[in-house]
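A.B. asks: As annotated in TrEMBL:
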- 9-81: domain 'Cytochrome b5 heme-binding' (DOMAIN)
- 38, 64: heme binding site (BINDING)
- 151-176: transmembrane segment (TRANSMEM)
- 196-216: transmembrane segment (TRANSMEM)
- 217, 222, 240, 243, 244, 298, 302, 319, 322, 323: Zn(2+) binding site (BINDING)
- 253-275: transmembrane segment (TRANSMEM)
- 281-301: transmembrane segment (TRANSMEM)
């Protein structure tokens, strides 16, 4: 259970120690653990301790959705008296002091969630898109549960050596001059693929990955499973629903290497069928590099603090909108590019300009 609202003296002491305590009207919230994860967190830190954030919730730099307001209630610590800002002594514990109430929520958070969500039926879609700030346990087995979690740097450490090695293999193979395009159809008009083409083929692979990333995110991760299908709901929660339910669970922001290897192997095999061996490998290694950048970018958009006005700051705000307000739009992670031709761009009017 959450602690009781702190007394006024404690509020002032915590502010003096650097805590980020903010108020909306008379309600007091402790955002110390979350503020740096918010796109405007650095600016809010400069307005910390007793600031009235009622305007910030609706005004610049952007409006907040109903989900964002529900999210704020997880950090509620008490109410202030309007005259002296002393914390009112409530008659009982405010239920909003708890991040999740196990007795009233649709699932039992004391047990693994994966096998419960399929029973939510038509309530699943609304439930999964109401974010909470707490870690998720999926499996009963501690071993399987550990395999389902991944620190961000594991992706970099596992796949970067693979990218470097396969890049060297591809380049040296192309340098031998034996790779030709369309050679399986004709030898007279086949096109030689020189080693100097490797950087462009590599970039082509990265570009193709950005499209694959968009398509998977939109049509697989954001499919709406039939309310009557327990297994599809469970699969959706395993693939992506868990991330939308708990978007700041740091151990579930990147793809675990074991299942990632299966997906990566599938795309490698597909390219081997469609293209000459070394040409396919060159495209593949560019795509693999794109995947590593995507996963690192995704983690940063959740836990990084980009400087205001930069490209990454805008991308972080864009991704936060995707999580809290526009779950059916804004599918680009490392770039918004594909949201334009597919018409899934989050409307600009939802981002208010700062004064």
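Glycine too: its Cβ is placed from the backbone N, Cα and C atoms.
Each of the listed features needs to be described in terms of its position in the shown structure.
C.D. replies: With a cut-off of 8 Å between Cβ atoms, the residues of this chain six or more beyond the transmembrane segment (196-216) that come close are 167, 170-171, 174, 267, 279, 282-291, 293-294, 331-335, 337-339, 342.
Within 10 Å of the C-beta atom of residue 302 (Zn(2+) binding site) sit 19 other C-beta atoms, taking all shown protein chains into account.
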A.B. asks: Enter the number of other CB atoms within 10 angstroms of the CB of residue 217 (Zn(2+) binding site).
C.D. replies: 19
A.B. asks: So if I measure Cβ to Cβ from residue 244 (Zn(2+) binding site) and keep only same-chain residues at least 6 apart in sequence, which ones fall under 8 Å?
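C.D. replies: In sequence order, the residues whose Cβ lies under 8 Å from that of residue 244 (Zn(2+) binding site) (at least 6 apart) are 128, 129, 131, 323, 327.
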A.B. asks: If we count other C-beta atoms within 10 Å, could you say which of the binding-site residues 240, 322 has the fewest?
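C.D. replies: So among 240, 322, the binding-site residues given, the one with the fewest Cβ atoms within 10 Å is 240.
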A.B. asks: Looking only at the domain 'Cytochrome b5 heme-binding' (9-81), what is the mean pLDDT?
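C.D. replies: That stretch averages a pLDDT of 58.
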